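**Q** Just passing along the structure, written as structure tokens.
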Amino acid sequence: MVNPIVFFDIAVDGEPLGRVSFDLFADKVPKTAENFRALSTGEKGFGYKGSCFHRIIPGFMCQGGDFTRHNGTGGKSIYGEKFDDENFILKHTGPGILSMANAGPNTNGSQFFICTAKTEWLDGKHVVFGMVKEGMNIVEAMERFGSRNGKTSKKITIADCGQI
């Protein structure tokens, strides 16, 4: 089985910043990877296109995926509002790791984060399901618009997204 690759075209206050592509580990976490893939294509009628990264903490991570409330309190999965933690096989080993944000055990929706550092304290709590393939420089550029409390100085959006 070939793992899917998806892309985000990132914009800052509406101006193009660049493309980030992700390898999704469907061989290890098929349900979680499929959720992210389908939300990236928008094939279920909803998804990431036009949504923002509402929380960016330099030296930690960039969080997005709340396409319903745009502030970190919303989002939904392709399986319903929430779905269970699939497994914790993959670890938060360093920059570029793609992992599910949650509000405790078995509360995965659509929110995710891209690590910009090793975050081993999240192992066993958040499901890792992908990795930046290309465009880590774009993720690093996004980081510059973040702050210690996560508030962004400019609006960082997913202007377009899909599967490669």
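Backbone N, Cα and C define each Cβ position, glycine as well.
Below are the features listed in Swiss-Prot for this protein:
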{"type": "CROSSLNK", "residues": "Lys28", "note": "SUMO2 cross-link"}
{"type": "CROSSLNK", "residues": "Lys28", "note": "ubiquitin cross-link"}
{"type": "CROSSLNK", "residues": "Lys82", "note": "SUMO2 cross-link"}
{"type": "DOMAIN", "residues": "7-163", "note": "domain 'PPIase cyclophilin-type'"}
{"type": "CARBOHYD", "residues": "Asn108", "note": "N-linked glycosylation site"}
{"type": "MOD_RES", "residues": "Met1", "note": "N-acetylmethionine"}
{"type": "MOD_RES", "residues": "Val2", "note": "N-acetylvaline"}
{"type": "MOD_RES", "residues": "Lys28", "note": "N6-acetyllysine"}
{"type": "MOD_RES", "residues": "Lys44", "note": "N6-acetyllysine"}
{"type": "MOD_RES", "residues": "Lys76", "note": "N6-acetyllysine"}
{"type": "MOD_RES", "residues": "Ser77", "note": "phosphoserine"}
{"type": "MOD_RES", "residues": "Lys82", "note": "N6-acetyllysine"}
{"type": "MOD_RES", "residues": "Lys125", "note": "N6-acetyllysine"}
{"type": "MOD_RES", "residues": "Lys133", "note": "N6-acetyllysine"}
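How buried are the listed features, and what sits near them?
**A** The Cβ neighbour count for Lys28 (SUMO2 cross-link), using a 10 Å radius over every protein chain in view, is 17.
Using a 10 Å radius centred on the Cβ of Lys82 (SUMO2 cross-link) and all shown protein chains, the other Cβ atoms total 15.
There are 26 other CB atoms within 10 A of the CB of Asn108 (N-linked glycosylation site), with all protein chains counted.
Sequence-distant neighbours of Met1 (N-acetylmethionine) (same chain, six or more apart, CB under 8 Å from its CB) are Ala26, Asp27, listed in sequence order.
For Val2 (N-acetylvaline), the number of other Cβ atoms no farther than 10 Å from its own Cβ, over all displayed protein chains, is 6.
Under DSSP, Lys28 (SUMO2 cross-link) is assigned to coil, being neither helix nor strand in the three-state scheme.
Sequence-distant neighbours of Lys44 (N6-acetyllysine) (same chain, six or more apart, CB under 8 Å from its CB) are Ala38, Ile78, listed in sequence order.
For the recorded site, Lys76 (N6-acetyllysine), the DSSP three-state label reads coil.
Around the Cβ of Ser77 (phosphoserine), the same chain contributes Asn35, Leu39, Phe83, Asn108, Gly109, Ser110, each under 8 angstroms and 6 or more positions distant in sequence.
In sequence order, Phe88, Asn102 make up the list of same-chain residues 6 or more apart from Lys125 (N6-acetyllysine) whose Cβ falls under 8 Å from its Cβ. Secondary structure from DSSP puts Lys125 (N6-acetyllysine) in coil.
Lys133 (N6-acetyllysine) carries a strand DSSP state (E or B). Long-range C-beta contacts of Lys133 (N6-acetyllysine), restricted to its own chain and to partners at least six residues apart, with a cutoff below 8 Å, comprise Ile5, Ser21, Phe22, Asp23.
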**Q** What's the CA-CA gap between Val2 (N-acetylvaline) and Lys82 (SUMO2 cross-link) in angstrom, rounded?
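**A** Each residue's Cα considered, Val2 (N-acetylvaline) and Lys82 (SUMO2 cross-link) end up 26 Å apart.
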**Q** Let me know how many other Cβ atoms fall within 10 Å of the Cβ of Lys76 (N6-acetyllysine).
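**A** Within a 10 Å radius of the Cβ of Lys76 (N6-acetyllysine) lie 20 other Cβ atoms.
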**Q** Do me a favour and check the Cα-Cα span between Lys76 (N6-acetyllysine) and Lys28 (SUMO2 cross-link); whole Å is fine.
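**A** Lys76 (N6-acetyllysine) and Lys28 (SUMO2 cross-link) have their Cα atoms 22 Å apart.
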**Q** Quick one: pull the CA-CA distance for Lys82 (SUMO2 cross-link) versus Lys28 (SUMO2 cross-link), whole Å only.
**A** 20
